[in-house]
Each structure stands twice: as C-alpha cells, then as structure tokens.
Amino acid sequence: MSVLWMVLGLAIGIAVGAAAGYIVCRSRTDRRLAETRADARSIIEDANRQAETLRREAELAAKEAAMRIKDEAEAEVRARRAEISRIEERLDNRDTALDRREVELDERRRRLSETEDELRRREESLAEREQEQLRALEEISGLSRAEAEERLFSRVEAELERRIGRMVRNRISEAEENADLEARRILATTMERLASDLTSESTVKAVELPSDDMKGRVIGREGRNIRAFEAATGVDVIIDDTPETVVLSCFDPVRREVARIAMERLVKDGRIHPGRIEQVVAKVRKEVEKEMKAAGRQALYDAKVSGSMHGDLLRLLGALKYRSSYGQNVLAHSVEVANIAGMMAQELGANVKIARRAALLHDVGKAIDHEAEGTHALIGGRFAKKCGESDEVVRAISAHHHEVEMQTVEDVIVATADAVSAARPGARRETTEVYLERLRNLEDIALSHRGVDKAYAIQAGREIRVMVQPSEVDDRIAAKLAYDISRKIEDELEYPGQIKVTVIRESRVSEVAR
C-alpha cells in the first residue's frame, strides 16, 4: 500500500515539476519573443530611416547632375554660336576682299587694254618706219630687199655649212672619244695610282783622270795597254784632246759599264799593264753579272711579279739597267709598264699575273738586239720561250709593237701600258720637247691678237685661258676674240682631241676712303 502511495506521489511530483518547468519555459519564450519583435521593429525603423536618407541623397545628386549637364550644354551652345559668328565675320571679310580684288582686276584690264592699244599704235609706227628705212637702204645700195636678203642668206648659209661641218667632225670625234671612255677611265685611274721615280741613264761613258800624265800610262808603251783593255772588254778607248778624260765607246751597254768600272779601278790603283788589266776586267765582269741578277730580282719585286724566272732571263732583265731609250732607263720603264699593266688588268678583269710578267719582260730583247737579227720584240719573245715562259707571256712580248697579231686582252694591255709609259709627258726627252713646243705655240697664237694681255695653256694643252685688257676688249669683242683664236688654232696647229678657249675679261675699280 505504501509502495502504491509512493509511486503515486512520485508521479504527482513529476507531473507538478513538468507543469512548473513548462510554465517557466513558456514565460521565458514569451519574453524572448517580445524582445525579438522589439528588435525587429527597431531594425525596420532604422532601415526605413536609411532608405529615406539614401532617397534624398539620390534626388540631390540627380538634381546636381541635371544642373551640370544643363550648364555644359549651354556653354557648348554659346561656343558654337561664337564660332559661327567668327565664320560669318571671315566670310564677310572675304566677300569684301573679293569685291576689292574684282575692282582692281577691272582696273588692270582697263590699263592693259590701253597699253595694248598703245603698243599696237607703236608697232604700226615702227612698221612704217621700217618700210621707210628699207626704201632708203634700197635707194642707197641699189639692191632690192629680195636681192639683199638673198646675198645675206648666201653668206649665212656658207658660214653655217662651214660651222655645221666642223660640228659634225667634232661630234664624230666626241663619239669616238665616248666609245673609248671606259678605256680612258681605266688609264686615268691607273696613272693616278702610279708614282714612279725615273732616272735617265746617260749612254756616254767618260772616265775622269787625275791628270793628263795618266793618259800616257793608260796608253802604255806603243799602245799595248789600250789594245789589251780593248781586247779584254770589247770596248773602244778614245783618247783625244779633252783634258783629263778618257771616253769609252761601245754599242753593248753591259760591256761599256764593265769597261768604265775597270778603267776607274785601274786609274785609282795606278798599276796598268796587260796582266793587271785582264785580272781587273775579269773581276769586274763577275761583279757586274751579280749586279745584273740583283737588279733583275729587285725588278721582279718592284713589279710585283710572282713565280720563279730562268737565270738567263733574269740576267738579261738586269742588263736593261744599263740601257736607255730617248733618255728613259729601260729597266725602270719595264717596271713602270708592269705596274700599269697590272692595274689595267685588275680593272678589266684580265689575268693580272700574266699581264705583269709579260709587261716586265716586254723589252728584254733590247739587251741582246745587237747579237741577234730582228726587232727587240721578236727577239725577246724567242728568248722568253727558250727560257720556259708560257705561250701567253711569249705572245704578249712579241705583239707589243704589233709585229705579231694580238689574240688576248693581256696582249692589248701590255701594248697599251708600254705606250702610256713612253708617251707620258716628261718620260722621254723627245716627247717633252714636242709637248712644250706645242704649249708655246698655243700661247703665241693667243698673244698675237689685239687686246690680249696674258695667255696660259693649262690642262696639258687641252685649254688656254686668255686674259684681255678690259679697256680695249668689251663683252661683244671678247666673244669674237674667242672665236677667232679657236679658228686660228684649228688652222695652224695639229693636236689630238679638242682645245677649249676661255677669254677672261675682268674690270677692277678701287677707291681710298679717307
């Protein structure tokens, strides 16, 4: 029974506790719900206030933007109106200027019309005067106008025919020169690059003696020393009345050089007799042989010729050192020709090696032309072939004086280089004299005319400048003077190409300021 009451009491306690807990929780829940609702109302009110604030700010910003856009639009309108006003002003000014220019043009047309009328009247007056003058001239000359014109035209026609013929000849000459223009350019380039030191070797060998008493010792008893010397050297010894001098004569330049050196050593030594003469001559001959080969090797170096060369050919090349032609040393001439030929071959794209070698050896025949028959070109070609030179080199040597037909460009180059070296003013005595004489004649022709003060031949005789006296020669006479000088040069001188005549008339006036 007691257990039942305990269970019942426990159940009642649990029920009462549960009811009390529910009541407590419900009261707390209601309180929290009320607080939450209050917070929600507060948040909503804050949100409404912020929304109102944002709306007002947006309305204010929109009003400000609208005002700014309106101001900008009004400013742009004002600027466009100002620009339109300026354009209208410029157009008005342009219209005014056009109106003013139209007035000026009308005035000019009027003046031009008046001037045209005046010129027409003057032209008619001049035509009438011309007719009067023609009638007067016809009465004075006894010729009609047609007859006078016919005579004048005949004279003019003859003069024009002569001048046209001369112009045709000049044009033909110019055409030929233009055809050779490239060759001339190559030659000019070659000569500009060439600088040669040439020394003319004298062909006369004279040995000075310390005194005339030495002549007797040179002659020897009954002339035995002279006979021994001539037999050993092959040179003629000439002893004449020239004081303190012995002359050696021989067509062979090498033998003449050997004799000169031997004679100088014998005279210096003082011991002159046949045995001593033979000994000295033999020694000198060996020295000269060595010197010839050394000169040949030096020539190979100076001419930039590569490859070996036969000893005999090298010796003959060195022998050209003692040979001269028109005052031009043959060995120096050969080296110069080799350098010219090398540069020309390089310009033309030819074989530089063959051109230089053949040019250096082109005159080697002159060293033995007294020993063999034929010209030096053919002799040199045969000797070069004998010494093992190539066919191209042999043919170029043989053909450089056109005695053998030229077949290659190297043949032409060697012949041209030889002509350039020989024809260069100053290279040979004979050429120099002819060249200077032509310049003197050219200046004399100019000085022979009245009013000429000075005359100078320049550009190697291709131009003459004539200074005239301004008080005697005016501009009109100066033109006629140039024509007269050119005609006289054509009639009296022979020259290649053309000669330009320049007449210079200069007036100078000076005053002193005090």
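Even glycines carry a Cβ here, placed using N, Cα and C.
If you take every residue in the domain 'KH' (203-266) and average the pLDDT, you get 81. The domain 'KH' feature in Swiss-Prot is assigned to 203-266; the stated evidence is sequence analysis.
What Swiss-Prot records for 330-423 is domain 'HD'.
Annotation comment: Swiss-Prot describes 3-23 as transmembrane segment.
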Quiz item: Restricting to the same chain and to residues at least six past its boundaries, which positions have a Cβ under 8 Å from a Cβ of the transmembrane segment (3-23)?
Solution: none
Practice problem: Using DSSP, break the domain 'KH' (203-266) down into helix, strand and coil residues and give each count. | Solution: 34 helix, 12 strand, 18 coil
Quiz item: Taking DSSP states H, G and I as helix and E and B as strand, how many residues of the domain 'HD' (330-423) are helix, strand and coil?
Solution: 66 helix, 0 strand, 28 coil
